[in-house]
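*Asks:* Feature list, courtesy of TrEMBL:
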{"type": "ACT_SITE", "residues": "C21", "note": "active site"}
{"type": "ACT_SITE", "residues": "H122", "note": "active site"}
{"type": "ACT_SITE", "residues": "D137", "note": "active site"}
{"type": "DOMAIN", "residues": "8-185", "note": "domain 'Josephin'"}
Amino acid sequence: MLNFSMSEGEVFHEKQRLELCAIHALNNVLQERVFTKETADDICKRLAPQCVVNPHRSVLGTGNYDVNVIMAALQSRELAAVWWDKRRTVQSLCMSKVQGFILNVPSRVSLGIVYLPLRRRHWLAVRQVNGQYYNLDSKLKSPVCIGGEAELRTFLSEQLSQDVAEMLLVVRRDVEEDGSWLNADNAKK
């Protein structure tokens, strides 16, 4: 396992390249460069070994990886992705048990400075570093500080209010298994 240390105030942030937002979101949520296009392509081959055209990435081979690749990548790090049911309120999240968030949101498509009337899907990461939560979207020039837990809940609620937005909680496997990512008063026993 790679070790990565950060000096006070330093936040790891990979910027967008090709259609590799899933890889950037994984690395940003882990706060180190763990995954590459090659490791993601290997995961795709493992998930669909018999497929000539792999269903888990772009036909062009430029990325655009799906949720299965993200989940398999996290499992390789002894982590799990828990799909967030948007019918729940983010107030029911036990933030201390969540290592980070990976969101899938609609994103505008541009050609240079011209925006096209198209929407694509985009993966982005959010996580706490040095006591503050950061939006680590690879399309941003640098990480954007969201603030504390209250501000994070507001940010997540705003993101999830978009019709097609989805969220994965990044948690340790034991947290996934015991459901402790959910506050006890909201858990279904």
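Quick reminder: no glycine exception, Cβ is built from N, Cα and C everywhere.
Tell me about the surroundings of these features in the structure.
*Replies:* Over all protein chains present, the Cβ of C21 (active site) has 27 other Cβ atoms lying within 10 Å.
Cβ-based neighbour count (10 Å, all protein chains) for H122 (active site) stands at 22.
The Cβ of D137 (active site) lies under 8 Å from the Cβ of H122, L124, A125, V144, each of these being in the same chain and 6 or more residues away along the sequence.
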